[in-house]
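**Q** Below you will find the structure I want to go over with you.
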Amino acid sequence: MLGKMILLPLFVLLCHSLASASLAYRGADISSLLIEEKAGIKYKDVNGQAQPLENILKANGVNSVRQRVWVNPSDGSYNLDYNVKLAKRVKAAGMSVYLDLHFSDTWADPSHQTTPRGWSTNDIGTLTWQVYNYTKEVCDTFASNGIDVSIVAIGNEIRNGLLWPLGKPNNYANIANILHSAAFGVKDSTLSPKPKIMIHLDNGWDWSAQKFFYDSVLSSGAKLVKSDFDLIGVSYYPFYNPSATLSALTTSLKNLRSTYGKDVLVVETDWPVSCPNPAYAFPSDLKDIPFSVAGQKTFVQRVANVVAQTPGGIGLYYWEPAWVQNAALGSSCADNLMVDWRTDQARTSLSVFGTI
C-alpha cells in the first residue's frame, strides 16, 4: 500500500510534466527588442516589476526565441551584429536561438522578396554561391561567438519564391538550387551541433498551396532533395482569411508530415485583444474565442493542441508579442500583443507558454 501511495504522486507529477511540456519548442519572435529598448521601452512582468524581456519570457515558459536576420539593412536593424547581440541575451536567459534568414535587406514575405544590394539578379550560379557564402558566414559568426543555434530557416514565407527575380515561382529549379545552397551553407558551417534546417511558408492552413510548393521544388530536377532540410514551418494567422480554420490547419500539418516526413511547427501566429474592425471574417471554428487577454490564451492553447496532436508536431512561436510600438502587427486588428503597449507590462496571456 505504501508503495502505491508513493507511486501515485509520482505518476500524477509525471503526467503534469508531460501535459505542460508537450511541445519541444515553445517560442516567441522578439526581433524588435533592441529597437524597442533603444526607444526607451522598459518592460515589466505581470507584477509591474521592470525586467529584461527575455527573463520575463523565460519565467512564463518560453524556451526558444526566433530572430529575423536581414543582410544589409540601411540602418543596421536586424543585421548580423544586431542578431548576435540579441542572441547572447537569449542564450544567457537559457533559451534556444532560431534564426529566420530573410535573404533580403528588408522584409521578405509573399509580396516582397527583394534581392540584397550587391547580389546577382541575372545569374543563378553567382546568386547561389552568394547565398551559400552568406549563410555560412552567418552560422560561422554565431559559432565564433559561442552561440548554439537550434534552427535556421532558409527564407521567410517563401510560397512565392525568394530572391526575386531569379527565385520567382516561374522557375522552381532556381528556387530549389537557392534552397540547396542555403542548406549547405548551414551544413558546412562551424556550428556544432548543427542546427535543424527549416523551409517556411505562409498560409499554413492551405494544404494545396503547401503541397504545390514542395512538389514543385522537389520535382524540379534541380539540386534540392528531402535530406537538405529537417523541418517544415508555417505561418498561421486567423485574421487574413476566413478559410484559415483550425480544422484546415490540422489537415495541412498532418499531410505535410505524412507526405514529406518532416517535423512541423507553427512559427508565426497571433491573436488580438482588440479587433473592432477586422478586414476579413474570422474562421468559423475560432469565432467562439473572444478578442481579449483570456482569448489569447485559449487561441494559443488550441493551436498548440493541433500541433501536439500532429505526428512530428514539435513547436509553436508567437510573432512579436512585445512590439509595443506596433500593436497591430501589420493586421487590421488594433492590438495583438501579449505586452500592454500603454504600460509595457506583460499580460497574463504570456503564461500560456507554460501550459503548452
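Even glycines carry a Cβ here, placed using N, Cα and C.
From Swiss-Prot, for reference:
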- 1-21: signal peptide (SIGNAL)
- N133: N-linked glycosylation site (CARBOHYD)
- E157: active site, proton donor (ACT_SITE)
- E268: active site, nucleophile (ACT_SITE)
**Q** Let's check the environment of E268 (active site, nucleophile): how many other CB atoms sit within 10 Å of its CB?
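**A** I count 24 other Cβ atoms within 10 Å of it.
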**Q** For the residue listed as 'active site, proton donor', which residues in the same chain are close in space, meaning a Cβ under 8 Å from its Cβ, but six or more apart along the sequence?
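**A** Listed in sequence order, they are A108, D109, P110, H200, L201, D202, S235.
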**Q** When you measure from the Cβ of N133 (N-linked glycosylation site), which residues in the chain that are at least 6 apart have a Cβ under 8 Å away?
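**A** Correct list: G185.
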**Q** Check the DSSP secondary structure of E268 (active site, nucleophile), expressed as helix, strand or coil.
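**A** It is in a strand.
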